[in-house]
Amino acid sequence: MEAGGFLDSLIYGACVVFTLGMFSAGLSDLRHMRMTRSVDNVQFLPFLTTEVNNLGWLSYGALKGDRILIVVNTVGAALQTLYILAYLHYCPRKRVVLLQTATLLGVLLLGYGYFWLLVPNPEARLQLLGLFCSVFTISMYLSPLADLAKVIQTKSTQCLSYPLTIATVLTSASWCLYGFRLRVPYIMVSNFPGIVTSFIRFWLFWKYPQEQDRNYWFLQT
């Protein structure tokens, strides 16, 4: 029991540390927006989809009584809100950003209404909410595949972040172990694609190293 308790504590701690580290990756974009007073080279949709993902898992954690999920996703949602507000402040096309935000939050509210009004059984609600969160998380991990195809076409990994890739694989692996230990398939399955896509990125970094890209740029200039 003591060994199992220590292992559980280690996994829980890894989930918190690695996930918060991954969410904090947006701080570099926040610093860039403040310094340049623009949103050049900053993508908005990752902030928005991560916000919705955090709110979904926060609801799941609250319904299940999982303190780890509650803490991690509360901090994550707060950080994503900060990034979204900063982007909105510096973005010249605020109408498009507001429309995207309202649309996705509207979908989230409709989901909440469905789960809490039309699914009265708490256990059934928990299962359906877990399924919804899993599908959304998997779609988040698979959405950058278009960028990976672009890397292969251009033979350049400049659009990829190596630190974020490390954070993603560590976070995904931690949550897979967390889901396995607690026997929660929604958490385990939804994070497995994060491991797969991260290793694809590692292969691309090995295949098309960024140092090579910089040397090529210097030769051209």
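Including glycine, each Cβ sits where the backbone N, Cα and C put it.
Small disclaimer: the values here were computed from a predicted structure and weren't measured.
Swiss-Prot annotations:
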type	residues	note
DOMAIN	10-94	domain 'MtN3/slv 1'
DOMAIN	127-212	domain 'MtN3/slv 2'
REGION	149-221	region 'Mediates interaction with TRPV2'
TRANSMEM	3-23	transmembrane segment
TRANSMEM	42-62	transmembrane segment
TRANSMEM	68-88	transmembrane segment
TRANSMEM	96-116	transmembrane segment
TRANSMEM	126-146	transmembrane segment
TRANSMEM	160-180	transmembrane segment
TRANSMEM	186-206	transmembrane segment
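Secondary structure of the domain 'MtN3/slv 1' (10-94), assigned with DSSP and counted as helix (H, G, I), strand (E, B) and coil, comes to 70 helix, 0 strand, 15 coil. Here the region 'Mediates interaction with TRPV2' (149-221) is broken down by DSSP into helix, strand and coil counts: 61 helix, 0 strand, 12 coil.
Proximity of distant same-chain residues to the transmembrane segment (96-116), defined by a Cβ-Cβ separation under 8 Å and at least 6 residues beyond the stretch ends, is recorded for 44-45, 48-49, 52, 55-56, 59, 84, 87-88, 125, 128-129, 132.
Counting only same-chain residues 6+ beyond the ends of the transmembrane segment (68-88), those with a CB under 8 A from a CB of the stretch are 12, 15-16, 19-20, 23-24, 26-27, 29-30, 33-34, 39, 42, 44, 47-48, 50-51, 54-55, 57-58, 60-62, 94, 97-98, 101, 178. Averaged across the domain 'MtN3/slv 1' (10-94), pLDDT in this predicted model comes to 91.
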